[in-house]
Amino acid sequence: MSRLLFHMEITNVMEYEAIAKEKLPKMVYDYYASGAEDQWTLKENRHAFSRILFRPRILIDVSKIDMSTTVLGYKILMPIMIAPTAMQKMAHPEGEYATARAASAAGTIMTLSSWATSSVEEVASTGPGIRFFQLYVYKDRNVVAQLVRRAERAGFKAIALTVDTPRLGRREADIKNRFTLPPFLTLKNFEGLDLGKMDMTNDSGLASYVAGQIDRSLSWKDVKWLQTITNLPILVKGVITAEDTRLAIQAGAAGIIVSNHGARQLDYVPATIMALEEVVKAAQGRVPVFLDGGVRRGTDVFKALALGASGIFIGRPVVFSLAAEGEAGVRKVLQMLRDEFELTMALSGCRSLKEITRDHIVTDWDQPHPLPPLPSARL
């Protein structure tokens with residue numbers, strides 16, 4: 001099927017996955033595509049969006065639509081940003097360079113993974129752009145402090161602290177494939193620290209790497225510690241409950257990313273779009289709440305914003321489009337999502353992001369909407 005897609009116009013984000021599957025080595029495609037264990041949450045991240053329907057408003061002048069917003073004070077052209085995804089040079093030789101240029105061209109934010117195959121300095125060298133740095137906390141805190149300082153020096157604007165990975169989730173495809181980083185690549189941010197290499201093992205090389213390097217004792221006190229070594233705002237990535245939302249705000253988080261790690265950590269957690277409203281309510285407007293996981297359509301973006309998100313991040317669509325068409329593919333994914341989102345806004349009667357409200361959607365967990373009384377007719 002995907003051979004045909006090369007000759008056909010790609011019309012939506014999902015179509016890139018089939019092309020990526022054909023082009024990539026099985027080990028690499030499986031690494032990007034798979035979730036944890038039964039992959040229930042992986043399917044649910046997508047499927048849950050279908051349980052939210054629109055209540056579009058009509059006869060509103062939508063000749064002008066403004067999708068721009070600010071994130072932590074930085075102006076971006078749309079609330080669609082790029083999530084951290086590891087080892088992008090496995091998808092395409094230009095890897096994170098291509099993604100950084102595409103994000104910059106689209107006027108949006110790119111988050112660089114700790115486990116990138118390009119360093120913070122290399123990504124900064126691609127030119128201007130607003131970039132966040134995703135951080136895993138290593139057992140050696142000097143490594144962490146050094147990395148954060150390098151990200152600051154390279155002009156990164158925030159730290160996205162991943163908090164759902166004290167151990168790596170059980171990703172069975174990676175175990176079967178004996179996943180490891182191809183020999184011509186390294187985790188560039190750790191090169192020279194003897195932490196850039198991943199050994200072949202009899203299961204997932206990444207799981208073994210995490211077990212050896214990542215700090216399982218990470219706790220809220222470390223979020224406080226991070227604030228003593230950097231002035232950058234810290235987004236806590238991997239929150240899906242009200243309780244942890246309150247703790248994150250108490251610990252000084254500048255924002256929250258509702259994430260289940262692309263369904264790659266604990267299986268049978270809810271889809272992020274299902275967990276979003278609980279987190280938004282607990283945050284009480286004190287910090288912005290963002291969402292990643294399962295976004296493949298502009299309609300998904302609108303639904304997330306209607307449920308209180310300040311913006312969304314996309315992960316897999318970036319690596320699949322990167323594999324298919326390099327930088328041009330990532331640009332196209334961002335453009336398609338932007339166009340679909342703009343159309344959804346127009347057809348829902350919303351001219352700016354602040355006009356997108358909870359009343360524009362109905363979910364299958366809502367009470368039926370009571371009808372407002374008709375205005376009494378004056379005779």
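Indices start at 1 and increase along the chain as displayed.
Any Cβ shown, glycine's included, is placed from N, Cα and C.
Since we're looking at a predicted model, the values are computed, not measured.
Lifted from TrEMBL, the feature list:
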DOMAIN    5-366  domain 'FMN hydroxy acid dehydrogenase'
BINDING   Tyr31, Tyr136, Arg171, His261, Arg264  glyoxylate binding site
BINDING   84-86, Ser113, Gln134, Thr162, Lys237, Ser259, 292-296, 315-316  FMN binding site
ACT_SITE  His261  active site, proton acceptor
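For Lys237 (FMN binding site) paired with Tyr136 (glyoxylate binding site), the C-alpha to C-alpha distance reads 11 Å. The Cβ neighbour count for Asp292 (FMN binding site), using a 10 Å radius and every protein chain shown, is 28.
Taking the Cα atom of each, Arg296 (FMN binding site) and His261 (glyoxylate binding site) are about 16 angstrom apart. Within the set Tyr31, Tyr136, Arg171, His261, Arg264 that the record links to glyoxylate, no two Cα atoms are more than 19 Å apart, and one pair reaches that distance. Annotated pair Tyr31 (glyoxylate binding site) and Pro84 (FMN binding site), C-alpha to C-alpha distance, rounded: 15 Å. Listed in sequence order, the binding-site residues near His261 (glyoxylate binding site) (C-alpha within 10 Å of its C-alpha) are Asp292, out of Ala86, Gln134, Asp292, Arg316. Its Cβ placed at the centre, Arg171 (glyoxylate binding site) has 25 other Cβ atoms within 10 Å.
Considering only the binding-site residues Tyr136, Arg171, Arg264, the residue whose Cα is spatially closest to the Cα of Pro84 (FMN binding site) is Tyr136. Long-range neighbours of Arg316 (FMN binding site) (same chain, six or more residues apart, CB within less than 8 Å of its CB): Glu17, Tyr32, Ala33, Thr85, Gly262. For the pair Asp292 (FMN binding site) and Arg171 (glyoxylate binding site), the C-alpha distance works out to 19 angstrom.
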